[in-house]
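**Student:** After the structure tokens below, expect a handful of questions from me.
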Amino acid sequence: MSKRLRSSDVCADCNGPDPSWASVNRGTFICDECCSVHRSLGRHISQVRHLKHTAWPPTLLQMVETLYNNGANSIWEHSLLDPASIMSGRRKANPQDKVHPNKAEFIRAKYQMLAFVHRLPCREDDSVTAKDLSKQLHSSVRTGNLETCLRLLSLGAQANFFHPEKGSTPLHVASKAGQILQAELLAVYGADPGTQDSSGKTPVDYARQGGHHELAERLIEIQYELTDRLAFYLCGRKPDHKSGQHFLIPQRADSLDLSELAKAAKKKLQSLSNHLFEELAMDVYDEVDRRETDAVWLATQNHSTLVTETTVVPFLPVNPEYSSTRNQGRQKLARFNAHEFATLVIDILSDAKRRQQGSPLSRSKDNVELILRTVSTQHSTESQDNDQPDYDSVASDEDTDVETRASKANRQKLQTLQSENSSLRRQATASACQVQTGSDHKDTASHSSLKRRPSARGSRPMSMYETGSGQKPYLPMGEASHPEESRTRLQPFPTHIGRSALVTSSSSLPSFPSTLSWSRDESARRASRLEKQNSTPESDYDNTACDPEPDDTGSTRKGRQRSMLWQGDGLLPDTAEPHSVPSPTLPSTEDVIRKTEQITKNIQELLRAAQENKHDSYIPCSERIHVAVTEMAALFPKKPKSDTVRTSLRLLTSSAYRLQSECRKALPGDSSLPTDVQLVTQQVIQCAYDIAKAAKQLVTITTKENSS
């Protein structure tokens, strides 16, 4: 490896001199121009920080410096180091290249599609590979070799992996060994400082026992990173965790009484389920980061040279792991003015503290308010068109650039769905083979689930910094912890797409505190209810008790989420019909696989039509998909016993219905308003993605149940 690649004096992406930004989760330093592209990709791809004008925890900066100086960039450019790559015409961007399209395309290929990372040979059971990698990570973190651990994480090792024999996670091992930089890296990829091992001890406990007090204090800071960041955004101060102060809630500058509208909005915020409240808080965190990074960006740029090529980030970039509804809600946060956004942040801090402490709702006059006039206005103006996907046009002078990014986002979603569809086909085939051979992993799965006891923070939210897998505890193939989580990330990926769904998880996740007074029985009881929570609606973070479609985030949350076991969560109602008699009967695996193959075949036809811009083919394709979905749903009882089956069936059927509705919009209508075909295509792909995911869940469930 050349010294040039190891030097922190050059940009990791174009070799330009004097990089002033860092990509924390990638362990690289980047220049201003390349940073503009990183920002446009979103924090789920790259977490950027300015090296001088951003407040850094010292050990976090030291971790990034150590990684880059030891060649972490070669992980993301592995195949480019091969002399054969020169013959193939692939090359790295140069400082003289234009940002668009040269640098932008290279950076997207490098980090978003992972086109140059080392790929392990595909195996029949890729979950075994992930488990082996996670065990290697478990052993490696006791040493100081950061690059080895980042390489393992990039290959699919799980930062929250619970070692079945050792009874601990990698963060327990790193904390016991006093490896503070390893702990920083694991936290970036989703490791949970609040997870308990088989002895009931957390990484903080081991750090204190070993006399590693700096590490113990840092782990506590990581636990409260989300609320600390929000408080710092408002008042420039953080709570003093050493003295036991874990929340700092700034006071309002004025003494105005809450309006009736503000009181109603605040009450609605307080009535959100913990799951939806977590998602809203994480989205607000992302918006805080966007605004702070914008301020640093504008203060540090030489506008005379960069104004023509700088990528504008007027709102949060689309995260393909999230549903279109949630992405819309996230982008609407950019419409809040400074006062409105500050009061929203204050109320989130107040309610986070209340939920953690288990305090009842106060009827006294509060000193904070939630001003959502913007959203209220939007609701009144959008009520006539609620079915239209609304990616808000936040003010931007670079419409062409935004359209280009949207087009590329569509292509990325197409590739992701193709990967998912291919994965679904492989799973159906593998399941068929499993049924024929009668393979049985019941004992292994049950043992793993027993060892991986519910903890206060079983997995991290995937919002802020990650794309998906790293924040979740390791789950063996076919073992689904949440309906949203069942998009198995431990399967081989086709050669035409990067392993982004597997290895781009980069979670330095700001998270809620995990030191909550929940008993083990309560934790276990909540774990059994998580599937029901996942079916709560997320439209503008509403909390109505209807039969909503589940969030398609696919990751923990990121079930994907690091659980914030709030006080009183045990009172959440079951969404199932109270007087229905559930049926335990599930269809045969062979029947489910046969119908799944019909669905995947029809989805593939729709994808081809989307790629070739054959919009007139959308409707017939969607009708065939709807027929196949209806036939598959008819195989299952009307009132399944399993919550997971009910949720998956809801997602399957509702997505097929939405797909038909979206496909109709692709045809030119009589309306004088032009059809945004690009946006329609994005929604069509999203619906097809949801259908494929739901079908995969049902294949997994029936295979597991029928083989047990």
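Each Cβ is built from the backbone N, Cα and C atoms, and glycine gets one as well.
Swiss-Prot feature annotations, pasted as is:
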type     : residues : note
COMPBIAS : 407-438  : compositional bias 'Polar residues'
MOD_RES  : Ser393   : phosphoserine
MOD_RES  : Ser396   : phosphoserine
MOD_RES  : Thr400   : phosphothreonine
MOD_RES  : Ser508   : phosphoserine
MOD_RES  : Ser511   : phosphoserine
MOD_RES  : Ser519   : phosphoserine
MOD_RES  : Thr536   : phosphothreonine
MOD_RES  : Ser563   : phosphoserine
REGION   : 376-592  : region 'Disordered'
REPEAT   : 132-161  : repeat 'ANK 1'
REPEAT   : 166-195  : repeat 'ANK 2'
REPEAT   : 199-228  : repeat 'ANK 3'
**Student:** Mean pLDDT across the repeat 'ANK 1' (132-161), rounded to an integer, is what?
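**Tutor:** Averaged over the repeat 'ANK 1' (132-161), per-residue pLDDT gives 93.
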**Student:** Just give the helix, strand and coil counts over the repeat 'ANK 3' (199-228), going by DSSP.
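**Tutor:** DSSP composition of the repeat 'ANK 3' (199-228): 22 helix, 0 strand, 8 coil.
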**Student:** From the DSSP assignment alone, can you count helix, strand and coil residues within the repeat 'ANK 1' (132-161)?
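**Tutor:** DSSP composition of the repeat 'ANK 1' (132-161): 19 helix, 0 strand, 11 coil.
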